[in-house]
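Contents: one structure, followed by commentary.
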2 protein chains.
Amino acid sequence: MSSYIEFDAKKVIDYITNLGSFFDKDASLSCYEFGDGNLNLVFRVQDTQENSIIVKQALPYARCVGESWPLTLDRARIEASVLQRHGEICPDTTAKVLHHNTELALTVLEDLGHLRILRGELNQANTFTRLSKDVANYLAKTSFYHSSFYLTPSEKKALVTEFTNPELCAITEDLFFDDPYRDAERNNFPAALQPSVEMLRKNKALLVEVAKLKAQFLNAPETLLHGDVHTGSIFVDAKHTKLIDPEFGFFGPIGFDLGSFIGNLLLNYCAQHARINALPKRRNMQVYLLDCIATTLSSFYATWLELAKTHTRDLSLQADGYAEYFLTKVLQDAVGYCGCELIRRTIGLAHVADIDAIEDEDARLAVQQRALHLGELLIINANKCQTTDDVYQLIISFVN
Amino acid sequence: MSSYIEFDAKKVIDYITNLGSFFDKDASLSCYEFGDGNLNLVFRVQDTQENSIIVKQALPYARCVGESWPLTLDRARIEASVLQRHGEICPDTTAKVLHHNTELALTVLEDLGHLRILRGELNQANTFTRLSKDVANYLAKTSFYHSSFYLTPSEKKALVTEFTNPELCAITEDLFFDDPYRDAERNNFPAALQPSVEMLRKNKALLVEVAKLKAQFLNAPETLLHGDVHTGSIFVDAKHTKLIDPEFGFFGPIGFDLGSFIGNLLLNYCAQHARINALPKRRNMQVYLLDCIATTLSSFYATWLELAKTHTRDLSLQADGYAEYFLTKVLQDAVGYCGCELIRRTIGLAHVADIDAIEDEDARLAVQQRALHLGELLIINANKCQTTDDVYQLIISFVN
């Protein structure tokens, strides 16, 4: 990484001009930085003919904290490689990589600026018919084709090594599984939530379930995960769903991405109690979110099972009934990770705008209590679910 | 590995003389090859003063099959590294590495020639009081200190990569989990056993459990395993127990080594029905073997739990009750892998002398049927066990 330098708009234009691949030779290019993430610079480069591309460069530190939190540039390689691998399987739902330079930790991506970030759209109560099926399809296919059902053991072992991502995994390990359950400096919640947080931390059964989920996160290289499937990592419009930002990608438990996605839908569900006052409109949005969850679950399950029945290459794993057993475990894991996501986004370091942007303090607190309690109940009850319908029934028995 | 050359006795003496570390400068050294394994050359080098060392060199092919089955030399590095890491934790029960040369795939080891190979001793109905406690201690400590309870996630991820061992794992994956359950060329059993084998292969519940065990073998880097703990990998006398030959070492499920060891004790148990005619003597030997199993289980469990209670560094995994949950799963896995070992040693490629050396064909067949059926019952019932006593009761309810 010795040749790394941090880019600015001028350097980006020089670099792109030099590559000579994306615009007419004599195009007049402009460029601006617009990243609002925590870890990267994001530039848009455009000509005067409405052609544009995105240039993303990883910073050697976490932008939100400053240069005091150094962070490996290797994540840019991992992000580009995950996008390429997932893109081969699901080209329609994965942001396209046009170029990657590992030394510069720099990736050129298709510009998805004509789409919108899902989180903002949900916060405005905009709905998307394709969303759940597209995400389910992406999660099922990318996870199946990187699992032991499909890859030979030696192919998979080589990929596990290639996608070893200790520094970004450590962020998840800490923020997702550790901090929320103890006094940690990075936690972030209002004093009024303290009693609820204390109750949570006293629940011994919960702590054991969280330990199981963390151990699984550490010790189950089941597939090449996206690693950060929240609603801010998904671009949408009526006809498109595009996953971006898999820099947390690594080989982990299949239920993790699925649970993260559903968790973010449920965070939005909880937030809508304070976001929409008009009851019919609120119920419509919440029904949409629950439908999304139901469809994601059933579509993920059906797609995975069909792939397992028709494309499993491992002889032992073809055993009659094994895929169903495996998927039940994936569902249980997903419910658990979903619960963790609800909890850590409410009291941990990284929050969601769905909740944080609620202006009324009391209403926000009520939403936080709701999210926290829902997370706890899901984690505790995850292992009761045998089918996707069990998961759905569990969720609707605890929400509202 | 470009500088690899296959050694003979003369080259070994030259090499050892050159190193100048193990004998007097002017010692007169002799050397002979005595390996009876399948994958390596094993030399003893000695002076005239009863000093001796072992020189082990990996061959680039499987010796038992010939040069047509090429095999990575990297296994010599893995074997030496596992011995060194396990030896740091359990110096008394691990063969000592005196020198290692990765290019030559060559390791110099302490000579354990004053001890005996456990398998041969058990076949002669010799018993060893320390055996079960020593093995349990070795398995518990080496597995705990290489687990997520103790290692930081990034330490562990680096070790998982270092000990990625695809070629030798592939041998286990095929011979242990695949071949016995289908028509495979490498299988090896008498025609008279065919009906029992067919019954086994028709047991759908069994095949699903085997799939679970294989998936776990592929997807659970819980600890740095020895990878091949059979009674031919253990040197013993009344005062010593020494583990050798961890060339199958990799990060896998903790129950695998424990199950392999118990499986080999049970293979011997089954074989004693045909080996010892005199009933009191046979019962004594079989009671010894069952006691060994009971002590291995309880001692492994107690040691592991004590380490988990006092030395767990991961915050989440310290949750009250998690270690007990984890150990129950390890026990269930061990019972399953034990069952697989019984089956694959009876009908797969690699057999055990315990059974194969029984001269009476009918008696041998009866033992094989016994081992096969016991293996099946253990795999099917493994998940009923919650405690070490459950495991012991399960075993004694099926043996007799």
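From the backbone N, Cα and C atoms, a Cβ is placed for every residue, glycine too.
These numbers come from a predicted model, not from an experiment.
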Per TrEMBL, member of B:LYS56, B:LYS133, B:LYS141 binding ATP alongside B:ASN40, B:GLU110, B:ASP111, B:LEU112, B:ASP245, B:PRO246, B:GLU247: B:LYS56
Spatial neighbours, same chain, of B:GLU247 (ATP binding site) - Cβ under 8 Å, 6+ residues apart: B:LEU39, B:ASN40, B:ALA58, B:ARG75, B:ALA76, B:ILE78, B:GLU79, B:VAL82, B:LEU168, B:GLY227, B:ASP228
Neighbouring C-beta atoms (10 Å sphere around the C-beta of B:ASN40 (ATP binding site)): 21
Among B:GLU110, B:ASP111, B:ASP228, B:ASP245 [binding-site residues], residue with fewest other Cβ within 10 Å: B:GLU110
In three-state DSSP terms, the structure that B:GLU247 (ATP binding site) belongs to: coil
Pairwise CA distance, B:ASP245 (ATP binding site) versus B:ARG344 (substrate binding site), rounded so that it is a whole Å: 20
Conformational class of B:ARG344 (substrate binding site) under the three-state DSSP mapping: helix
Cα separation, B:ARG344 (substrate binding site) to B:PRO246 (ATP binding site) (Å, whole number): 19
